[in-house]
Structures are given as C-alpha cells and as structure tokens.
Amino acid sequence: MGSYEAGTEKPATTKWVVTCMVGGVIVGVSLLGAYSSQLGMFWKTRKRNKKPVRVYMDGCFDMMHYGHCNALRQARALGDQLIVGVVSDAEIIANKGPPVTPLHERLMMVNAVKWVDEVIPEAPYAITEEFMKKLFDEYKIDYIIHGDDPCVLPDGTDAYAHAKKAGRYKQIKRTEGVSSTDIVGRMLLCVRERSKSDSHNHSSLQRQFSNGHSPKFEPGSPAATASGTRISHFLPTSRRIVQFSNGRGPGPDSRIVYIDGAFDLFHAGHVEILRLARDLGDFLLVGIHTDQTVSTTRGSHRPIMNLHERSLSVLACRYVDEVIIGAPWEVSKDMITTFNISLVVHGTIAENNDFQKEQCNPYAVPISMGVFKLLESPVDITTTTIIKRIVSNHEAYQKRNEKKGESEKRYYEGKGHVSGD
C-alpha cells in the first residue's frame, strides 16, 4: 500500500517540477528577450543622440594639390564631420600675395574632395577670437586642425594662437615634397627653360622633374633662382595610394564610364568634367597618362606634376571610383572588354582636341563600337590656362614667395626670443 502510494505520488511530483522548470524557462526567455530589446533600443538611442565630432580646417587651397588633399584626409580622420574654411581672395592678397586661382575655382576644388562634408566660403586667414566663437557656437566645431608647419601672419605671429590657447587645437603631419610655392616655381622654371633652343635640355629637364631629381644650373642663373623652388621629391608608396583609394570595385551590373587624360595641375576644369562623366554611369574609371606620353603629346616641358602626384589628385576627387595609373594613349578593344567599359567620354575643352582629325585617333575603337561620347566641358580652363596666369604675373608670385619667407623668419626669431627668456 505504502509502496503503491509512493509510486502514484512520484509521477505527479515530477510533472509539477517539470512544469515549473519549463514555465521558468519560458518566463526567463521572455524576460531576456524583453531585456535584450530594451538594451538594443538603449544603444540605438545613445548612438542616435551621440553628438558627432565636428572638426574645422581652413586654408587658401590655391593651386590645390595632393598635399592639400592628404591634409584634409588626416583632418577628417580626427572627427566625424569635416568643415573646411576657404580663405577669401582679399585675405590671401593681404597676407601672402595674389592667388593663382580665384575663390570660385578654389571652392569647386575643395567641394570635390571626398573627405569634405561642408565648406565655409570667404573664411578669414587668421583664427580671431570672434571667428573662433562663431565656429564653436554657430558651426558647432569641436576642434580646429592645422598642419605641423607654421602658419604665420605678416607681423610674425601664429595664425592659430587663439585656438591653441582655448585648448581646441589639433595638429596633423604636413605632406612633405609639395606646396603651392614649389609648383609655381616648377612652372616658372619649365617655362624659362622652354625658351632655350636646345631640345635635348628640354627633354632632360622634363625627365628630371618627373623622376624627382633636381636639375643642375649655373649659380645665379635665372633658372636657378626661379622663386627658390625645389623639384618634386615625392616618393609614392602603396600605403598612400590605398589611403586615397575607395577600396571598392564596380558591381556586376554597373555601368562603367571611362575618361582619360594627363590631369596635370589638377584644376576646376578637371573636376567639372569628371562630375559630368560620373553622372553618366555607376562607376567612373579614370585613365592617367604616363609622363612620357604627356611629354610626347604636350611638349617636353610637361608634365609639371609627375604621374603619381597626378594620380593622387584624381583619386581624392569624390566623383572618381578608380584610376589606371599609366593608362595607354589609345583605348583598345581589349581594354574596353577587360574593364567592362560601357562608355568612353572626352571633354570639349582640352589641351589638344584635334584627335578626331588625326590619323592615329586614340578613340577610334570606341567610336567604331558606338560607345564614345563627347561631353560639353562646363568650365573653360586647361593646364595651359593656369601656367599663363603664373607667367603673366610671375613678379608678383616671386614677391609672394619672398614675403612668406620673411614672415616665417620673424616667427622663428620670435620663438627663439621666447625660449631665451
């Protein structure tokens, strides 16, 4: 009897325990699910409410080059949003001398850099207390960024002294081997040497520019003293190219548009034709001609910037998805097939637009295939335009370079005096 009762009670007890366990698991899972849902909502809300770090960088961005672009890339890495101030023509004239490119062209260039989120036109050359307050209050700027090279006012003082004092200043590394001053000097040097009758010297000079070597001149000669320039010492690395690259290829059904050229002294005309080309497809592939090709087709004094310098400037443009470094002069059928190119385009404004009249038309194949389109260039600017601006006003640019040197000298003398005390 006792054993029978014990036997009948055991299943009931076990059933009750199992029911409680299962119920507990269900309740536990429900509570865990509710907790996880709430936790997820908490993190989403926190992320949504988190204020983005906004950083500010300013500059003249005159004759914009890959050094400017690398500075903007580094600045953007220090925050979530990069706001760029472009100094007005009047401020540049007052502090440095006449700019080569006017404000509207410089704004086009800066807006086209893929790391830039917003642009403030006509920014002051120096960060005054009043303008700094405007940056903090109106533009919600967290930090002001500048390179590790000195930015000196005509009186020899630091243009970023107020930002440093406020504790809202961050510094990036300057890109060595290039500056607007250097590029102006390169152009003046090339133009002066071009006037010489010895074609061998022309070719030799161009090769030295492209290969980053300094040509030898007689001391005191005009070529040796042209703006105190130094020749490009840019050394390309795979890391720098990766930093500038998008890192993604076209999709399986992407419409790939191809455009090629020298893209020397990358300017607003280049930017605008690239913008139009990008609008015609899903992926813009840009071919950049070799130094030798440019020299052969444009003259022995070209290019001013070597192949890798030109490649980085193009890669920094937000409209460009990929580049071919050292693209062939002629667009072949194999090339069109290999890169799955849907359309080949060319602008109406270029250094040499007689290609359709020539026997060796570089676009003969895409034209015969019905995949070539001539685009109306929105801006009438070429590399020659930029060079002519320099040459026609070279004395003013030489004085500008001297003025910059004097300001920097006063700055360093001031620093030396302070440290002496």
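Yeah, the Cβs are placed from backbone N, Cα and C, and that goes for glycine too.
Curation plays no part in TrEMBL annotations; they are all automatic predictions.
Note that the structure is predicted; figures quoted are calculated from it, not measured.
Record features (TrEMBL):
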| type | residues | note |
| --- | --- | --- |
| TRANSMEM | 16-43 | transmembrane segment |
| DOMAIN | 56-185 | domain 'Cytidyltransferase-like' |
| REGION | 195-228 | region 'Disordered' |
| COMPBIAS | 202-213 | compositional bias 'Polar residues' |
| DOMAIN | 258-388 | domain 'Cytidyltransferase-like' |
| REGION | 401-421 | region 'Disordered' |
How many of the residues that make up the domain 'Cytidyltransferase-like' (258-388) does DSSP mark as helix, as strand and as coil? 46 helix, 29 strand, 56 coil
Local confidence of the domain 'Cytidyltransferase-like' (258-388) - pLDDT mean: 93
Within the domain 'Cytidyltransferase-like' (56-185), residues counted as helix, strand or coil by DSSP: 48 helix, 29 strand, 53 coil
